[in-house]
Amino acid sequence: MVNPVNETDPSQSFRSGFVAILGAPNAGKSTLLNRMLGQKISITSKKPQTTRNRILGVVHRAASQMVFLDTPGIHRARHPLNTRIVDAALATLSEADVVLLVADAQTPDGPSERLLLEKLSQQRLPVLLALNKIDLVQRPALLSQIEGWSGAFAFRAIVPISAKSGEQVNPLMDAMEATLPPGPPFFPPDSLTDLPTRFIAAEIVREKAFRLTGQEIPYALAVTIDSFKEEKKGALVRIHATIHVERDSQKGIVIGRQGAKLRQIGEAARKEIEALLGTGVFLKLFVRVQKNWTRDTRALRKFGY
């Protein structure tokens, strides 16, 4: 339970609350969260289902504080790993004051969207719809989408946006702010996330591995931080991390010819972690095969699922 920070008098129209971001795989939820925060804390990739853990981000505005819970893409899951991911995503509704549903304006509603509306209809929460990727849609198609969504659910607001360019994101945040309950802030003004640096570092490595292996590696990829040590009075952080895969063939893909792919992943991750920490980083990566870990309950717990 998070206790409010008593720095603002709630009687002065300040609003605060928890916002659960839901959507189908690859609707752009993490990109939108990073856009609203003004910097990156949630993994983004062209591969669906890359956000596996709830990511808490805090947006501070003059008259409100929004605490965001990012979630994996919701879909009807049959695989044990995906079942856990989807269950965790839906569990955020019990903590939320407001739901932000993100949908891809390029595609009409499908099974994932119907499942979400089915679940949301069972809740008594205000729901806003962000129709994302409007930069890729012609106006007549967009208007048709808005009309269709309006008839499918009683949204508090429907806001067409582009999370990538930032178009219409501020009006979306205004609409969310108006929906929040009155109350004091939950976190101090300098808070961005409650995630430990080790977790964010692991997410960065995992994102780079996803991006740089293209379609060759499925979602059977996890990252653990084996050691995280500050040296030379904060001038250098030494990180050892392991990339876990399910098969020897996947290990070969991640390592690449003569280790080239692994070096590429490490270099890209190191640069981003250095920018995050504001200091030099020595990053050593290992690759380990743990057969069928996505179907192993003990392994799922070990990797935080």
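Cβ coordinates come from backbone N, Cα and C, glycine included.
Curation plays no part in TrEMBL annotations; they are all automatic predictions.
Values in this document were obtained by computation on a predicted structure and should not be read as measured data.
Residues 23-30 are the range that TrEMBL records as region 'G1', among 23-30, 39-46, 119-126, 295-302. Your range for region 'G4', going by TrEMBL and the list 12-15, 92-95, 112-115, 132-135, is 132-135.
The range from 6-9, 70-73, 182-185, 278-281 that TrEMBL describes as region 'G3' is residues 70-73. In the structure shown, across all protein chains, Lys29 is the one of the binding-site residues Gly23, Asn26, Lys29, Ile134 with the greatest number of other Cβ atoms within 10 Å.
Under the DSSP three-state reduction, Asn26 (GTP binding site) is assigned to coil, being neither helix nor strand. Long-range neighbours of the region 'G4' (132-135) within the same chain, counting only residues 6 or more positions beyond its ends whose Cβ lies under 8 Å from a Cβ of the stretch, are 27-28, 32, 102-106, 142, 160-165, 167-168.
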